[in-house]
Amino acid sequence: MEDDDFSIKDKKENYETCSTETISSYISINEKCQLIEKDINDDNHENPYMIFNKISSSLIAMLQGVEVLCNLSIIYLLKDNYHLHPASLSIVMCFIKIPWSIKLVWAVISDNYPIFGYRRKYYLLLGSFLCILSLICLGLITHNNLFITILLLFIYFFGSSLCNVIGEAQVVESNRNCSINSSARNVSLFFAFRKLSFAIMSYLSGYLLLLISKKHIFLIGSFLPICVFTSGFFIIEKRNYTKSSIKDQIKCIYSIIKLSYLKNFIIFIFIMMSTPSCGNTLFFYITNELKFSPNLLGKMAMFQSLASFISIISYMLFFTKIDIRKLLLYSTIIITPFCLLPLVVIKKVNYFLFIPNTLFFITDTVLIEFIAEFQTMPILVLCSRLIPEGFESTIYSLLLSSNNFASIISSFLSSLLTYSLNITSTNFTNLPYMIIICCLTNIIPIFFLYILPNHSQKKNLQHSNSHTQKYYSYPSTDYISSQKSDSSEITKFSADMQIDDITLE
(Lines of atoms letter the chains of each structure in order from A and count residues from 1; the text may use other names and numbers.)
(Lines give C-alpha, C1' and ligand atoms only; values in the text may rest on other atoms or scores of the structure.)
Protein backbone atom coordinates (compact mmCIF):
# COMPACT_ATOMS: atom_id res chain seq x y z
CA MET A 1 0.00 0.00 0.00
CA GLU A 2 1.68 3.14 -1.20
CA ASP A 3 -0.68 5.76 0.15
CA ASP A 4 -0.86 6.68 3.81
CA ASP A 5 -2.81 4.08 5.72
CA PHE A 6 -5.36 6.48 7.14
CA SER A 7 -5.70 8.74 4.10
CA ILE A 8 -8.24 7.39 1.63
CA LYS A 9 -9.83 10.62 0.47
CA ASP A 10 -9.04 9.83 -3.14
CA LYS A 11 -11.31 6.77 -3.19
CA LYS A 12 -14.51 6.93 -5.23
CA GLU A 13 -16.79 5.15 -2.73
CA ASN A 14 -19.33 7.08 -0.75
CA TYR A 15 -18.98 7.32 3.02
CA GLU A 16 -21.75 7.74 5.51
CA THR A 17 -20.95 10.55 7.91
CA CYS A 18 -22.38 10.21 11.40
CA SER A 19 -21.65 11.05 15.02
CA THR A 20 -19.76 8.78 17.35
CA GLU A 21 -22.97 8.01 19.23
CA THR A 22 -24.55 6.79 15.99
CA ILE A 23 -21.55 4.60 15.33
CA SER A 24 -21.81 3.03 18.79
CA SER A 25 -25.50 2.30 18.20
CA TYR A 26 -24.79 0.95 14.74
CA ILE A 27 -22.15 -1.41 16.11
CA SER A 28 -24.48 -2.82 18.75
CA ILE A 29 -26.96 -3.84 16.02
CA ASN A 30 -24.83 -4.77 13.04
CA GLU A 31 -22.18 -7.46 13.49
CA LYS A 32 -20.59 -6.65 10.14
CA CYS A 33 -18.80 -3.61 11.43
CA GLN A 34 -16.42 -1.52 9.40
CA LEU A 35 -13.31 0.24 10.53
CA ILE A 36 -13.51 3.80 11.69
CA GLU A 37 -11.71 6.42 9.70
CA LYS A 38 -11.11 9.78 11.34
CA ASP A 39 -10.62 12.77 9.13
CA ILE A 40 -9.18 15.58 11.23
CA ASN A 41 -9.57 19.09 9.96
CA ASP A 42 -6.39 20.62 8.62
CA ASP A 43 -6.45 23.52 11.01
CA ASN A 44 -6.44 21.20 14.00
CA HIS A 45 -4.24 18.48 12.60
CA GLU A 46 -1.22 19.54 14.58
CA ASN A 47 -3.00 20.04 17.91
CA PRO A 48 -2.57 16.55 19.39
CA TYR A 49 1.09 16.45 18.45
CA MET A 50 2.30 19.89 19.41
CA ILE A 51 5.96 20.56 19.95
CA PHE A 52 5.49 20.43 23.73
CA ASN A 53 4.20 16.87 23.48
CA LYS A 54 7.17 15.87 21.37
CA ILE A 55 9.59 17.46 23.82
CA SER A 56 7.83 15.74 26.69
CA SER A 57 7.94 12.30 25.04
CA SER A 58 11.62 12.82 24.16
CA LEU A 59 12.44 13.67 27.77
CA ILE A 60 10.49 10.64 28.96
CA ALA A 61 12.44 8.49 26.52
CA MET A 62 15.66 9.82 28.02
CA LEU A 63 14.40 9.37 31.59
CA GLN A 64 15.39 5.73 31.60
CA GLY A 65 18.94 6.93 31.07
CA VAL A 66 18.88 7.95 34.74
CA GLU A 67 18.55 4.26 35.57
CA VAL A 68 21.65 3.62 33.48
CA LEU A 69 23.49 6.47 35.19
CA CYS A 70 22.67 5.02 38.60
CA ASN A 71 22.89 1.35 37.60
CA LEU A 72 26.57 0.88 38.47
CA SER A 73 26.05 2.84 41.68
CA ILE A 74 23.12 0.60 42.60
CA ILE A 75 25.04 -2.60 41.87
CA TYR A 76 28.16 -1.44 43.72
CA LEU A 77 25.97 -0.22 46.58
CA LEU A 78 24.33 -3.62 46.97
CA LYS A 79 27.58 -5.49 46.35
CA ASP A 80 29.95 -3.49 48.56
CA ASN A 81 27.79 -1.85 51.23
CA TYR A 82 25.46 -4.80 51.83
CA HIS A 83 27.77 -7.61 50.61
CA LEU A 84 25.17 -9.39 48.48
CA HIS A 85 26.15 -12.49 46.49
CA PRO A 86 25.29 -12.91 42.78
CA ALA A 87 22.09 -14.89 43.37
CA SER A 88 20.89 -12.46 46.06
CA LEU A 89 21.72 -9.47 43.87
CA SER A 90 19.63 -10.89 41.02
CA ILE A 91 16.66 -11.38 43.33
CA VAL A 92 16.89 -7.82 44.69
CA MET A 93 17.16 -6.39 41.17
CA CYS A 94 14.08 -8.42 40.20
CA PHE A 95 12.09 -7.07 43.13
CA ILE A 96 12.83 -3.39 42.61
CA LYS A 97 11.85 -3.68 38.94
CA ILE A 98 8.46 -5.27 39.62
CA PRO A 99 6.66 -1.96 38.79
CA TRP A 100 7.97 -2.29 35.24
CA SER A 101 6.49 -5.78 34.92
CA ILE A 102 3.00 -4.57 35.93
CA LYS A 103 2.93 -1.45 33.76
CA LEU A 104 -0.44 -2.67 32.55
CA VAL A 105 -1.94 -1.72 35.93
CA TRP A 106 -0.72 1.87 35.64
CA ALA A 107 -1.89 1.99 32.02
CA VAL A 108 -5.41 0.81 32.87
CA ILE A 109 -5.62 3.36 35.67
CA SER A 110 -4.40 6.24 33.49
CA ASP A 111 -6.74 5.30 30.63
CA ASN A 112 -9.82 4.97 32.85
CA TYR A 113 -9.35 7.37 35.74
CA PRO A 114 -8.32 10.80 34.46
CA ILE A 115 -7.11 13.29 37.06
CA PHE A 116 -8.89 16.65 36.68
CA GLY A 117 -9.98 15.55 33.20
CA TYR A 118 -6.50 14.57 31.96
CA ARG A 119 -5.30 11.04 31.27
CA ARG A 120 -1.65 11.96 30.78
CA LYS A 121 -0.56 15.22 32.40
CA TYR A 122 -1.04 14.58 36.10
CA TYR A 123 0.09 10.97 35.97
CA LEU A 124 3.30 12.20 34.38
CA LEU A 125 3.69 14.81 37.12
CA LEU A 126 3.12 12.15 39.79
CA GLY A 127 5.61 9.69 38.30
CA SER A 128 8.36 12.26 37.79
CA PHE A 129 7.82 13.63 41.32
CA LEU A 130 8.31 10.15 42.80
CA CYS A 131 11.53 9.78 40.79
CA ILE A 132 12.81 13.12 42.11
CA LEU A 133 11.86 12.29 45.71
CA SER A 134 13.43 8.82 45.74
CA LEU A 135 16.69 9.91 44.08
CA ILE A 136 17.15 12.85 46.44
CA CYS A 137 16.54 10.57 49.43
CA LEU A 138 19.02 8.00 48.07
CA GLY A 139 21.56 10.78 47.76
CA LEU A 140 21.07 12.08 51.30
CA ILE A 141 20.57 9.04 53.56
CA THR A 142 23.24 6.86 55.12
CA HIS A 143 23.04 3.43 53.49
CA ASN A 144 23.11 1.09 56.46
CA ASN A 145 19.56 -0.27 56.15
CA LEU A 146 18.95 -2.59 53.21
CA PHE A 147 15.16 -2.40 53.54
CA ILE A 148 15.06 1.42 53.22
CA THR A 149 17.43 1.36 50.25
CA ILE A 150 15.34 -1.26 48.44
CA LEU A 151 12.14 0.67 49.23
CA LEU A 152 13.52 3.90 47.77
CA LEU A 153 14.73 2.06 44.66
CA PHE A 154 11.29 0.46 44.35
CA ILE A 155 9.65 3.91 44.51
CA TYR A 156 12.00 5.22 41.84
CA PHE A 157 11.23 2.37 39.44
CA PHE A 158 7.51 2.81 40.12
CA GLY A 159 7.74 6.50 39.18
CA SER A 160 9.83 5.82 36.09
CA SER A 161 7.47 3.07 34.92
CA LEU A 162 4.50 5.42 35.31
CA CYS A 163 6.29 8.09 33.26
CA ASN A 164 7.19 5.50 30.65
CA VAL A 165 3.54 4.46 30.30
CA ILE A 166 2.59 8.05 29.51
CA GLY A 167 5.48 8.51 27.06
CA GLU A 168 4.62 5.35 25.15
CA ALA A 169 0.96 6.39 25.00
CA GLN A 170 2.01 9.71 23.45
CA VAL A 171 4.04 7.85 20.81
CA VAL A 172 1.13 5.55 19.99
CA GLU A 173 -1.23 8.52 19.71
CA SER A 174 1.19 10.21 17.32
CA ASN A 175 1.04 7.09 15.12
CA ARG A 176 -2.74 7.24 14.85
CA ASN A 177 -2.87 8.83 11.39
CA CYS A 178 0.54 7.75 10.09
CA SER A 179 1.75 5.37 7.42
CA ILE A 180 3.95 2.41 8.33
CA ASN A 181 7.06 4.44 7.50
CA SER A 182 5.96 7.34 9.68
CA SER A 183 5.09 4.96 12.50
CA ALA A 184 8.48 3.30 12.23
CA ARG A 185 10.11 6.72 12.32
CA ASN A 186 8.15 7.85 15.39
CA VAL A 187 8.81 4.68 17.37
CA SER A 188 12.44 4.51 16.24
CA LEU A 189 13.08 8.12 17.25
CA PHE A 190 11.53 7.51 20.67
CA PHE A 191 13.82 4.57 21.33
CA ALA A 192 16.75 6.30 19.63
CA PHE A 193 16.48 9.14 22.16
CA ARG A 194 16.43 6.51 24.89
CA LYS A 195 19.51 4.72 23.59
CA LEU A 196 21.36 8.00 23.05
CA SER A 197 20.73 8.90 26.68
CA PHE A 198 21.89 5.40 27.60
CA ALA A 199 25.18 5.98 25.80
CA ILE A 200 25.82 9.32 27.50
CA MET A 201 24.76 8.11 30.95
CA SER A 202 26.69 4.85 30.62
CA TYR A 203 29.96 6.69 30.14
CA LEU A 204 29.18 9.14 32.94
CA SER A 205 28.17 6.33 35.31
CA GLY A 206 31.64 4.82 35.29
CA TYR A 207 33.54 8.09 35.00
CA LEU A 208 31.70 9.81 37.85
CA LEU A 209 32.24 6.85 40.18
CA LEU A 210 35.97 7.61 40.01
CA LEU A 211 35.40 11.24 41.00
CA ILE A 212 32.43 11.34 43.36
CA SER A 213 30.53 9.03 45.68
CA LYS A 214 27.53 6.89 44.80
CA LYS A 215 25.21 9.19 46.76
CA HIS A 216 26.26 12.21 44.70
CA ILE A 217 25.43 10.31 41.50
CA PHE A 218 21.88 9.78 42.77
CA LEU A 219 21.57 13.53 43.35
CA ILE A 220 22.87 14.30 39.84
CA GLY A 221 20.41 11.78 38.41
CA SER A 222 17.47 13.77 39.79
CA PHE A 223 18.05 16.54 37.21
CA LEU A 224 16.34 14.75 34.30
CA PRO A 225 13.20 13.83 36.31
CA ILE A 226 12.98 17.52 37.22
CA CYS A 227 12.97 18.35 33.48
CA VAL A 228 10.24 15.75 32.87
CA PHE A 229 8.23 17.17 35.78
CA THR A 230 8.49 20.66 34.29
CA SER A 231 7.50 19.49 30.79
CA GLY A 232 4.37 17.88 32.21
CA PHE A 233 2.80 21.31 32.75
CA PHE A 234 3.02 22.09 29.01
CA ILE A 235 1.44 18.92 27.59
CA ILE A 236 -1.35 19.60 25.09
CA GLU A 237 -4.23 17.26 25.88
CA LYS A 238 -7.98 17.28 25.42
CA ARG A 239 -10.13 17.31 28.53
CA ASN A 240 -13.45 15.77 29.58
CA TYR A 241 -12.51 12.12 29.30
CA THR A 242 -15.17 10.21 31.15
CA LYS A 243 -14.34 7.50 33.65
CA SER A 244 -14.85 3.94 32.47
CA SER A 245 -15.43 1.05 34.83
CA ILE A 246 -12.53 -1.31 35.34
CA LYS A 247 -14.87 -4.24 34.66
CA ASP A 248 -15.79 -2.93 31.21
CA GLN A 249 -12.17 -2.12 30.46
CA ILE A 250 -11.02 -5.62 31.44
CA LYS A 251 -13.69 -7.14 29.19
CA CYS A 252 -12.51 -5.00 26.29
CA ILE A 253 -8.85 -5.82 26.95
CA TYR A 254 -9.62 -9.53 27.13
CA SER A 255 -11.56 -9.43 23.86
CA ILE A 256 -8.80 -7.46 22.15
CA ILE A 257 -5.94 -9.72 23.20
CA LYS A 258 -7.95 -12.75 22.07
CA LEU A 259 -7.31 -11.53 18.53
CA SER A 260 -4.75 -13.96 17.18
CA TYR A 261 -2.15 -11.43 16.03
CA LEU A 262 -2.05 -9.65 19.42
CA LYS A 263 -2.10 -12.86 21.44
CA ASN A 264 0.69 -14.36 19.38
CA PHE A 265 2.84 -11.26 19.81
CA ILE A 266 2.44 -11.44 23.58
CA ILE A 267 3.34 -15.14 23.64
CA PHE A 268 6.37 -14.69 21.42
CA ILE A 269 7.69 -11.66 23.34
CA PHE A 270 7.38 -13.60 26.59
CA ILE A 271 9.20 -16.65 25.21
CA MET A 272 11.96 -14.57 23.65
CA MET A 273 12.70 -12.57 26.81
CA SER A 274 12.21 -15.25 29.50
CA THR A 275 15.30 -17.30 28.70
CA PRO A 276 18.02 -17.20 31.40
CA SER A 277 20.96 -14.82 31.15
CA CYS A 278 24.43 -14.78 32.69
CA GLY A 279 24.79 -10.98 32.70
CA ASN A 280 24.87 -10.40 36.48
CA THR A 281 27.16 -13.38 37.02
CA LEU A 282 29.56 -12.09 34.37
CA PHE A 283 29.56 -8.73 36.19
CA PHE A 284 30.99 -10.43 39.27
CA TYR A 285 33.52 -12.26 37.11
CA ILE A 286 34.84 -9.19 35.30
CA THR A 287 34.98 -7.10 38.51
CA ASN A 288 36.30 -9.68 40.99
CA GLU A 289 38.33 -11.91 38.68
CA LEU A 290 39.39 -9.64 35.81
CA LYS A 291 39.47 -6.48 37.99
CA PHE A 292 37.66 -4.24 35.50
CA SER A 293 37.38 -0.68 36.85
CA PRO A 294 34.08 1.25 37.07
CA ASN A 295 35.35 3.61 34.36
CA LEU A 296 35.91 0.68 32.00
CA LEU A 297 32.49 -0.76 32.80
CA GLY A 298 30.95 2.62 32.02
CA LYS A 299 32.73 2.73 28.66
CA MET A 300 31.52 -0.80 27.88
CA ALA A 301 27.95 0.24 28.62
CA MET A 302 28.42 3.39 26.53
CA PHE A 303 29.60 1.41 23.48
CA GLN A 304 26.74 -0.99 24.04
CA SER A 305 24.19 1.83 24.01
CA LEU A 306 25.79 3.42 20.95
CA ALA A 307 25.47 0.08 19.18
CA SER A 308 21.76 0.04 20.05
CA PHE A 309 21.38 3.61 18.81
CA ILE A 310 23.06 2.82 15.48
CA SER A 311 20.97 -0.33 15.18
CA ILE A 312 17.72 1.62 15.67
CA ILE A 313 18.70 4.26 13.11
CA SER A 314 19.73 1.52 10.65
CA TYR A 315 16.40 -0.22 11.09
CA MET A 316 14.52 3.04 10.60
CA LEU A 317 16.37 3.81 7.36
CA PHE A 318 16.84 0.42 5.72
CA PHE A 319 14.94 -2.46 7.34
CA THR A 320 11.33 -1.33 7.92
CA LYS A 321 10.07 -3.40 4.97
CA ILE A 322 11.77 -6.69 5.89
CA ASP A 323 9.48 -9.55 6.93
CA ILE A 324 9.50 -9.87 10.71
CA ARG A 325 9.95 -13.65 10.66
CA LYS A 326 13.07 -13.48 8.53
CA LEU A 327 14.49 -10.65 10.61
CA LEU A 328 14.06 -12.55 13.88
CA LEU A 329 15.31 -15.82 12.42
CA TYR A 330 18.50 -14.41 10.93
CA SER A 331 19.26 -12.20 13.94
CA THR A 332 18.88 -15.14 16.33
CA ILE A 333 21.13 -17.34 14.23
CA ILE A 334 23.77 -14.60 14.04
CA ILE A 335 23.65 -13.63 17.72
CA THR A 336 23.84 -17.16 19.18
CA PRO A 337 27.55 -17.81 18.49
CA PHE A 338 28.49 -14.44 20.01
CA CYS A 339 26.87 -15.52 23.29
CA LEU A 340 29.59 -18.17 23.59
CA LEU A 341 32.48 -15.74 23.18
CA PRO A 342 32.92 -15.11 26.95
CA LEU A 343 34.19 -18.70 27.09
CA VAL A 344 37.24 -17.55 25.17
CA VAL A 345 38.16 -15.12 27.97
CA ILE A 346 37.29 -17.53 30.78
CA LYS A 347 39.48 -20.23 29.22
CA LYS A 348 42.11 -17.57 28.40
CA VAL A 349 42.18 -18.53 24.73
CA ASN A 350 42.26 -14.86 23.76
CA TYR A 351 45.86 -14.59 24.97
CA PHE A 352 46.89 -16.91 22.15
CA LEU A 353 45.12 -14.53 19.77
CA PHE A 354 46.85 -11.51 21.34
CA ILE A 355 43.48 -9.93 22.17
CA PRO A 356 43.25 -8.25 25.60
CA ASN A 357 40.30 -9.00 27.84
CA THR A 358 38.97 -5.45 27.67
CA LEU A 359 38.89 -5.25 23.87
CA PHE A 360 37.38 -8.70 23.62
CA PHE A 361 34.53 -7.97 26.02
CA ILE A 362 33.77 -4.57 24.46
CA THR A 363 33.64 -6.06 20.95
CA ASP A 364 31.48 -8.95 22.11
CA THR A 365 28.92 -6.78 23.93
CA VAL A 366 28.72 -4.27 21.06
CA LEU A 367 28.03 -6.95 18.46
CA ILE A 368 25.43 -8.69 20.61
CA GLU A 369 23.63 -5.44 21.40
CA PHE A 370 23.65 -4.28 17.77
CA ILE A 371 22.07 -7.49 16.51
CA ALA A 372 19.68 -7.89 19.45
CA GLU A 373 18.14 -4.47 18.78
CA PHE A 374 16.91 -5.73 15.42
CA GLN A 375 14.89 -8.34 17.28
CA THR A 376 12.89 -5.77 19.23
CA MET A 377 12.31 -2.80 16.90
CA PRO A 378 10.00 -4.48 14.34
CA ILE A 379 7.89 -5.90 17.16
CA LEU A 380 7.60 -2.51 18.87
CA VAL A 381 6.67 -0.75 15.62
CA LEU A 382 4.06 -3.30 14.64
CA CYS A 383 2.56 -3.41 18.12
CA SER A 384 2.14 0.37 18.12
CA ARG A 385 -0.05 0.08 15.00
CA LEU A 386 -2.27 -2.69 16.34
CA ILE A 387 -3.67 -0.67 19.22
CA PRO A 388 -7.27 0.65 19.16
CA GLU A 389 -7.87 4.28 19.96
CA GLY A 390 -8.44 5.05 23.62
CA PHE A 391 -6.34 2.06 24.67
CA GLU A 392 -2.94 3.60 23.86
CA SER A 393 -1.52 3.09 27.35
CA THR A 394 -3.32 -0.12 28.18
CA ILE A 395 -2.57 -2.39 25.23
CA TYR A 396 0.94 -1.11 24.50
CA SER A 397 1.81 -1.47 28.18
CA LEU A 398 0.33 -4.96 28.14
CA LEU A 399 2.61 -5.90 25.27
CA LEU A 400 5.67 -4.39 26.91
CA SER A 401 4.70 -5.68 30.36
CA SER A 402 4.99 -9.17 28.97
CA ASN A 403 8.53 -8.17 28.02
CA ASN A 404 9.29 -6.84 31.51
CA PHE A 405 7.62 -9.75 33.28
CA ALA A 406 9.57 -12.17 31.10
CA SER A 407 12.77 -10.33 32.09
CA ILE A 408 11.94 -10.93 35.75
CA ILE A 409 11.32 -14.61 35.01
CA SER A 410 14.66 -14.63 33.22
CA SER A 411 16.37 -13.14 36.27
CA PHE A 412 14.81 -15.73 38.58
CA LEU A 413 15.84 -18.55 36.25
CA SER A 414 19.33 -17.05 36.09
CA SER A 415 19.49 -16.91 39.90
CA LEU A 416 18.31 -20.51 40.15
CA LEU A 417 20.86 -21.59 37.57
CA THR A 418 23.62 -19.65 39.35
CA TYR A 419 22.74 -21.26 42.67
CA SER A 420 22.45 -24.78 41.25
CA LEU A 421 25.88 -24.49 39.60
CA ASN A 422 27.38 -23.24 42.89
CA ILE A 423 28.66 -20.01 41.34
CA THR A 424 29.53 -17.36 43.94
CA SER A 425 31.33 -14.03 43.97
CA THR A 426 34.65 -15.90 44.21
CA ASN A 427 33.93 -19.32 42.66
CA PHE A 428 33.52 -19.26 38.86
CA THR A 429 34.43 -22.87 38.12
CA ASN A 430 31.06 -23.73 36.58
CA LEU A 431 30.55 -20.40 34.82
CA PRO A 432 31.33 -21.93 31.37
CA TYR A 433 28.44 -24.38 31.81
CA MET A 434 26.09 -21.53 32.63
CA ILE A 435 27.16 -19.63 29.50
CA ILE A 436 26.55 -22.70 27.32
CA ILE A 437 23.11 -23.32 28.83
CA CYS A 438 22.09 -19.68 28.36
CA CYS A 439 23.31 -19.73 24.78
CA LEU A 440 21.32 -22.86 23.93
CA THR A 441 18.14 -21.42 25.41
CA ASN A 442 18.46 -18.42 23.06
CA ILE A 443 17.54 -20.75 20.19
CA ILE A 444 14.15 -21.64 21.71
CA PRO A 445 12.26 -18.63 20.21
CA ILE A 446 13.11 -19.82 16.70
CA PHE A 447 10.67 -22.71 17.11
CA PHE A 448 7.83 -20.26 17.78
CA LEU A 449 8.34 -17.95 14.81
CA TYR A 450 5.47 -19.65 13.02
CA ILE A 451 2.94 -17.89 15.29
CA LEU A 452 3.97 -14.49 13.93
CA PRO A 453 2.31 -13.17 10.75
CA ASN A 454 4.29 -12.81 7.55
CA HIS A 455 3.52 -10.88 4.39
CA SER A 456 1.59 -13.76 2.82
CA GLN A 457 -0.72 -13.93 5.84
CA LYS A 458 -1.73 -10.27 5.89
CA LYS A 459 -5.03 -10.87 4.18
CA ASN A 460 -5.98 -13.48 6.77
CA LEU A 461 -6.31 -10.72 9.35
CA GLN A 462 -9.31 -9.23 7.58
CA HIS A 463 -11.72 -11.43 9.54
CA SER A 464 -10.77 -9.48 12.64
CA ASN A 465 -12.45 -6.30 11.40
CA SER A 466 -15.73 -6.87 13.17
CA HIS A 467 -14.00 -7.72 16.43
CA THR A 468 -11.61 -4.81 16.34
CA GLN A 469 -14.09 -2.13 15.34
CA LYS A 470 -15.99 -1.89 18.58
CA TYR A 471 -12.80 -1.22 20.49
CA TYR A 472 -11.90 1.57 18.14
CA SER A 473 -15.19 3.18 19.02
CA TYR A 474 -15.45 2.12 22.66
CA PRO A 475 -14.05 5.30 24.18
CA SER A 476 -14.85 7.56 21.25
CA THR A 477 -18.24 8.78 22.46
CA ASP A 478 -16.56 11.10 24.92
CA TYR A 479 -13.13 11.26 23.36
CA ILE A 480 -14.01 12.68 19.95
CA SER A 481 -17.62 13.64 20.37
CA SER A 482 -18.40 16.94 18.68
CA GLN A 483 -19.99 18.11 21.92
CA LYS A 484 -17.07 17.39 24.22
CA SER A 485 -13.95 17.44 22.11
CA ASP A 486 -11.56 20.36 21.98
CA SER A 487 -10.88 19.73 18.30
CA SER A 488 -13.15 19.53 15.28
CA GLU A 489 -13.21 16.05 13.79
CA ILE A 490 -15.38 14.23 11.29
CA THR A 491 -15.97 10.54 12.03
CA LYS A 492 -16.53 8.24 9.08
CA PHE A 493 -16.71 4.54 8.50
CA SER A 494 -15.63 2.77 5.36
CA ALA A 495 -16.96 -0.54 4.12
CA ASP A 496 -13.84 -1.40 2.16
CA MET A 497 -11.08 -0.36 4.54
CA GLN A 498 -9.23 -3.48 5.69
CA ILE A 499 -7.49 -4.36 8.92
CA ASP A 500 -4.14 -4.83 7.23
CA ASP A 501 -4.25 -1.21 6.13
CA ILE A 502 -3.54 -0.18 9.67
CA THR A 503 -1.56 -3.10 11.02
CA LEU A 504 0.80 -4.53 8.47
CA GLU A 505 2.50 -3.02 5.48
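Backbone N, Cα and C define each Cβ position, glycine as well.
Record features, source Swiss-Prot:
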CARBOHYD  ASN177  N-linked glycosylation site
CARBOHYD  ASN181  N-linked glycosylation site
CARBOHYD  ASN186  N-linked glycosylation site
CARBOHYD  ASN240  N-linked glycosylation site
CARBOHYD  ASN427  N-linked glycosylation site
CARBOHYD  ASN454  N-linked glycosylation site
TRANSMEM  58-78  transmembrane segment
TRANSMEM  89-109  transmembrane segment
TRANSMEM  122-142  transmembrane segment
TRANSMEM  146-166  transmembrane segment
TRANSMEM  192-212  transmembrane segment
TRANSMEM  216-236  transmembrane segment
TRANSMEM  266-286  transmembrane segment
TRANSMEM  300-320  transmembrane segment
TRANSMEM  326-346  transmembrane segment
TRANSMEM  352-372  transmembrane segment
TRANSMEM  405-425  transmembrane segment
TRANSMEM  431-451  transmembrane segment
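Distance noted between the C-alpha atoms of ASN427 (N-linked glycosylation site) and ASN186 (N-linked glycosylation site) is 46 Å. Spatially, the transmembrane segment (146-166) is not adjacent to the transmembrane segment (266-286); fewer than three Cβ-Cβ distances between them are under 8 Å for residues at least 6 apart in sequence.
Residues of the same chain lying 6 or more positions beyond the ends of the transmembrane segment (326-346) and with a Cβ under 8 Å from any Cβ of it are 278, 282, 285, 290, 319, 353, 357, 360-361, 364, 367-368, 371-372, 374-375, 378, 428, 431-432, 435-436, 438-439, 442-443, 445-446, 449, 452.
When Cβ distances are compared across the two stretches, the transmembrane segment (405-425) makes no contact with the transmembrane segment (58-78), since fewer than 3 pairs at least 6 residues apart fall below 8 angstroms. Highest Cβ pair count under 8 Å relative to the transmembrane segment (266-286), across stretches 58-78, 89-109, 192-212, 216-236, 431-451: 431-451.
Within the chain carrying the transmembrane segment (216-236), a Cβ under 8 angstroms from the stretch's Cβ atoms is held by residues 47-48, 50, 52-53, 55-56, 59-60, 62-63, 65-66, 69-70, 73, 118, 120-122, 124-125, 128-129, 131-132, 135-136, 138-140, 159, 163, 205, 208-209, all 6 or more beyond its ends. With a threshold of 8 Å between CB atoms, the same-chain residues lying at least 6 positions outside the transmembrane segment (431-451) that come near it are 264, 267-268, 271-272, 275-278, 281-282, 285, 325, 328-329, 332-333, 335-336, 339-340, 342-343, 346-347, 414, 417-418, 421, 423. Segment contact is absent for the transmembrane segment (58-78) and the transmembrane segment (352-372), given fewer than three CB pairs below 8 angstroms at sequence separation of 6 or more. Just going by CB pairs under 8 A, the stretch in 122-142, 192-212, 352-372 that sits most against the transmembrane segment (300-320) is 192-212.
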